[in-house]
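Residues annotated as active site, proton acceptor in TrEMBL: HIS209. Marked as NAD(+) binding site by TrEMBL: GLY40, ALA41, ALA42, GLY43, GLY44, ILE45, GLY46, ASP66, ASN126, ILE149, SER150, ASN151, MET260. Positions annotated as substrate binding site by TrEMBL: ARG113, ARG119, ASN151, ARG185. Sequence annotations record features per position, and here TrEMBL assigns domain 'Lactate/malate dehydrogenase N-terminal' to 35-177. Taken from TrEMBL, the feature domain 'Lactate/malate dehydrogenase C-terminal' applies to 179-342.
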Amino acid sequence: MRTSMLKSIVRRSSVPGVSSVSRRGFASGSAPERKVAVLGAAGGIGQPLSLLMKLNPLVSRLALYDIAGTPGVAADVSHINTRSEVAGFAGEEQLGQALEGADVVIIPAGVPRKPGMTRDDLFNINAGIVKSLCTAIAKYCPHALVNMISNPVNSTVPIAAEVFKKAGTYDEKRLFGVTTLDVVRAKTFYAGKARANVADVNVPVVGGHAGITILPLFSQATPTANLSDEEIEALTKRTQDGGTEVVEAKAGKGSATLSMAYAGAIFADACLKGLNGVPDVVECSFVQSNVTELPFFASKVRLGKNGVEEVLGLGQLTDYEKKGLEALKPELLSSIEKGIKFANAN
Ligand SMILES: NC(=O)C1=CN([C@@H]2O[C@H](COP(=O)(O)OP(=O)(O)OC[C@H]3O[C@@H](n4cnc5c(N)ncnc54)[C@H](O)[C@@H]3O)[C@@H](O)[C@H]2O)C=CC1
Ligand SMILES: O=C([O-])CC(=O)C(=O)O
């Protein structure tokens with residue numbers, strides 16, 4: 001596919017709003033300098049995500065870090081004739097260089113699920129990886145916006161918060177669990193059932209990022225459609241099980257990578273737009289929150305020059321959604337507490 005074609009796909013549809021940024025005055029090349037670092041850049045998500053970030057005209061420097069394999073990925077991506085300068089960093093001794101000066105750090109580092117596993121089964125390996133990466137972020141780019149993709153997100157975000165608190169760098173406005181893939185799936189599945197143009201569809205997804213903690217609010221979906229209770233229940237379940245659907249289809253070869261790269265690119269783009277002062281940038285994300293009694297919760301978030309500008313409330317819920325909300329709280333709280341406990345014990 002020609003670069004111009006790829007860029008135009010990203011501009012038109014893949015990263016909604018990139019075109020509107022251009023329309024709002026950031027012609028390619030005149031947007032502020034922004035460095036994005038991808039940690040885990042040689043992985044299944046990391047590689048296509050690095051490609052999509054290379055296509056984003058808001059990025060001026062792209063640092064690709066992994067424990068191995070990044071020189072090749074960086075050399076490959078660097079030949080694409082878009083704005084950003086690409087550099088690859090491999091091994092812990094180069095992590096500081098990769099992070100220095102970063103405005104946004106995206107973390108898809110860690111092991112993915114195999115069939116039969118829950119996201120929590122990844123905790124034992126990924127908690128340590130996230131903790132060490134966040135320790136380095138606190139040291140080398142304490143003001144960066146952190147986009148946490150590594151699972152279990154319901155625990156890795158609280159781990160990151162504790163690491164930053166210990167380092168004295170925690171700013172709740174700058175830490176995000178990436179739940180965009182849940183929104184992407186909810187939009188796709190809803191558009192199919194509602195026979196709506198998927199490009200016009202919006203669906204908030206709240207709660208967390210695992211099983212029943214993923215709560216799509218189809219009652220607030222637009223454009224509206226007259227779906228039955230059974231259809232809403234089926235859509236809800238499919239969204240909650242979307243990750244498992246992919247894990248099973250990949251049959252031992254990992255979990256969602258391409259759709260996650262797409263979702264991660266949308267969320268990072270929103271963070272960059274917020275930093276650049278573009279108004280009304282709203283995405284769902286798992287953040288420190290007062291929306292419920294839980295310390296972290298995913299809901300719509302308005303992004304701005306300092307990261308989170310406003311955590312938006314849940315709006316009107318149906319009885320079915322209220323039940324889902326109450327049902328998810330114990331599991332989500334226990335995952336949050338598990339992360340906090342790990343960070344403080346290790
Ligand atoms: N938030 C979400 O919606 C989603 C999250 N995920 C999660 O993303 C993570 C990555 O998934 P994949 O890319 O498929 O896995 P992968 O195994 O293909 O890639 C992971 C990469 O992380 C690297 N890595 C491991 N330890 C590292 C360290 N200390 N520093 C830097 N890099 C390190 C590996 O070398 C590898 O290249 C998994 O935890 C997965 O569960 C996956 C899909 C969706
Ligand atoms: O299901 C998984 O393990 C990966 C993931 O988080 C997703 O695809 O939503």
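Each residue, glycine too, has its Cβ placed from N, Cα and C.
Values in this document were obtained by computation on a predicted structure and should not be read as measured data.
Feature map: TrEMBL annotations on the structure.
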residue : record                 : Cβ contacts under 8 Å, 6 or more apart
GLY40   : NAD(+) binding site    : GLY46, TYR65, ASP66, ILE107, PRO108, ALA109, GLY110, ILE149, SER150
ALA42   : NAD(+) binding site    : LEU64, ASP66, ALA68, GLY69, THR70, GLY72, VAL73
ARG119  : substrate binding site : ARG113, ASN151, PRO152, VAL153, ASN154, HIS209, ALA210, GLY211, GLY243
ASN126  : NAD(+) binding site    : GLY110, VAL111, SER150, ASN151, PRO152, THR156
ARG185  : substrate binding site : ARG238, THR239, GLY242, SER259
MET260  : NAD(+) binding site    : ILE45, LEU49, PRO108, ILE149, LEU181
Legend entry - Fewest other Cβ within 10 angstroms of its own Cβ, chosen from the binding-site residues SER150, ASN151: ASN151
Legend entry - Within the domain 'Lactate/malate dehydrogenase N-terminal' (35-177), residues counted as helix, strand or coil by DSSP: 66 helix, 28 strand, 49 coil
Inset, instruction - According to DSSP, folded down to helix, strand and coil, what is MET260 (NAD(+) binding site)? - result: helix
Inset, instruction - Among the recorded positions ARG113, HIS209, point out the residue whose Cβ has the most other Cβ atoms within 10 Å, with all shown protein chains included in the count. - result: HIS209
Inset, instruction - Provide the number of Cβ atoms within 10 Å of the Cβ of GLY46 (NAD(+) binding site), excluding the reference atom itself. - result: 28
Inset, instruction - Summarise the model's confidence over the domain 'Lactate/malate dehydrogenase C-terminal' (179-342) as a mean pLDDT value. - result: 98
Legend entry - Where the C-beta lies under 6 angstroms from ligand 2, the matching binding-site residues among GLY40, GLY46, ASN126, SER150, ARG185: none
Legend entry - Residues near GLY44 (NAD(+) binding site) in space but at least six apart in sequence (CB under 8 A): PRO112, GLY254, SER255, THR257
Legend entry - Other same-chain residues whose Cβ falls within 8 Å of the Cβ centroid of ARG113, ARG119, ASN151, ARG185, the recorded substrate site, in sequence order: PRO112, PRO152, HIS209, ALA210, GLY243, THR244, VAL247, SER255, ALA256
Inset, instruction - Would you mind pulling the longest C-alpha to C-alpha span across ARG113, ARG119, ASN151, ARG185, which the record has binding substrate, in angstrom? - result: 18
Inset, instruction - Return one of helix, strand or coil for ARG185 (substrate binding site), based on DSSP. - result: helix
